[in-house]
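K.L.:
The structure that follows is given in the form of structure tokens.
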Amino acid sequence: VLQSSNSLKASYEDWLLTYGLSVSPFHLRWQTALFNRQFYNWGRWKPKFLYLWFSVGMVFGIVAMFGSVILLGKTLLQTLTQMLTEAPKAQNDRMLQVVVSVPSSGLCLRAVLIMLHENSPCSVVPGVNLPVSQLTYFFSAILISGVIHEVGHGVAAIREQVRFNGFGIFIFIVYPGAFVDLFTTHLQLISPVQQLRIFCAGVWHNFVLGVASFMVLFLLPAILFPFYYTGVGALVTEVAEDSPANGPRGLFVGDLVTNLQDCPVYNVEDWNSCLGDISEKSQVGYCVSAATLQQLSFPARVYRRLDGTVECCSNNSLTDICFSYSNKLDSHLYACLPARKVIEASKVCRTNMDCHKDFVPSFCVTPSLENQTRLIRVKHPPHIDMLYVGHPMHLQYTVSLSSFVPRQSFLSIDLPVVIETFCKYLISLSGALAVINAVPCFALDGQWILNSFLEATLSSLIVEKHNRELVGFLILLAGSALLAANVALGLWMVTAR
């Protein structure tokens, strides 16, 4: 039995070796020489252009190395300040935030991933708070960013006459990535400047990928113009089942939202901006004539809620809302009114002065709602206006929209959203890969960039090689500690929320 087991094990190992597979706990790796010819073709294409291309990449990589340290230092200070603040305020500034940390080795990042995000309510962590619908974008962007990163290393190495052994893909736990296998002896024989072109090529290619994705995102309306038009409203692509906007008088897929209250909506950005303004400002009122107010109102008991606001309608009513208004004699009057009859055909107002027209006595009646709750009129013609009562952000999170309206009914309303979302993930993750890999930290590209940079610049100032290596070691130690602190505090901030 023992001999049979050993034979089976040997056969299994031979099979893995034949197909370039390597299996270890939490790690699956595949390496092949199938693409070597293609890499050599790329590396020998237009030598002068590639020399200029990777020389620019070298300058970018060096600048990115210093810039990443400044960025991580600033981020660490921001995180510490937020931790020490008893009531952290909303983060409106763009900031760097850790998503996940995975060990790395060689030239490839295996990988410390971060997200650059703006006005985000939470960090993005797969398996914690990243929606299942976004996993495909997330992992595809990671894989493509990693492949482009390693293609940069491989092509630059061939351009510098370094032997290229193969290309591979790996999966660490659930995170995909890529790597290239270069002949280490050749790397050690070339000059420090040549090494810099190779080591900086990865972050350079990630930067270029991020810029290219941004350009596609920016030019998407022009690219899709023959099939989709924009600037006419926000097209509803999905309404969550538990959304307050879901129902017979709510929003449906294919509806075109044109206004939120008196705020015009021409695209998704306007939708988000209008909702932000509505949530920050006080509730608007509606102009109602004195005659209409007397006709629609009925006696009701007035009482105060726990938060100090006033209610004057029955809790069982689904159509009536308590409105407050003032006249010359009393500034605290309340009336329970049918919401739709009051709001439809009424203009918005802030004070009674906004309602004076044609000498008809009118009042500015304002919904008396709980704190942070708003009554929002959503126009989506030709349908009847939707009246939404609740927190504006709940409406934002449960309704998905697109700025692109199909010119033909057979065109998918989801295609522009897919392209937009994927471009945003590529910009975030490829940019993050460039920033993190440039950090002078052990096992990242920044380690080799720093060592080659010191050899190229300090060889005349610090003659002894071991002294230069000591300087590099101390810088790498500081950079590793800085990155580790950001990772630890970033993950703590994620789990603490």
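One is the number of the first residue shown, and numbering goes on along the chain from there.
Quick reminder: no glycine exception, Cβ is built from N, Cα and C everywhere.
Pulled these from TrEMBL:
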DOMAIN    137-477  domain 'Peptidase M50'
TRANSMEM  50-73  transmembrane segment
TRANSMEM  135-152  transmembrane segment
TRANSMEM  164-183  transmembrane segment
TRANSMEM  203-225  transmembrane segment
TRANSMEM  425-450  transmembrane segment
TRANSMEM  470-494  transmembrane segment
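So that I understand the layout, could you describe where these features sit and how close they are to other parts?
P.N.:
Across the residues of the domain 'Peptidase M50' (137-477), the predicted structure has a mean pLDDT of 92.
Taking Cβ pairs closer than 8 Å, the transmembrane segment (50-73) reaches residues 43, 96, 152, 155-156, 159, 193, 196-201, 203-205, 207, 434-436, 438-440, 445-446, 449-450, 453, 479, 482-483, 486 in its own chain, all 6 or more past its ends.
The list of residues near the transmembrane segment (135-152) in space but at least 6 beyond its ends in sequence, with Cβ under 8 angstroms from a Cβ of it, reads 39, 42, 57, 107-109, 111, 113, 124, 126, 167, 169, 174-180, 201-206, 209, 421-422, 425-426, 428-430, 433, 437.
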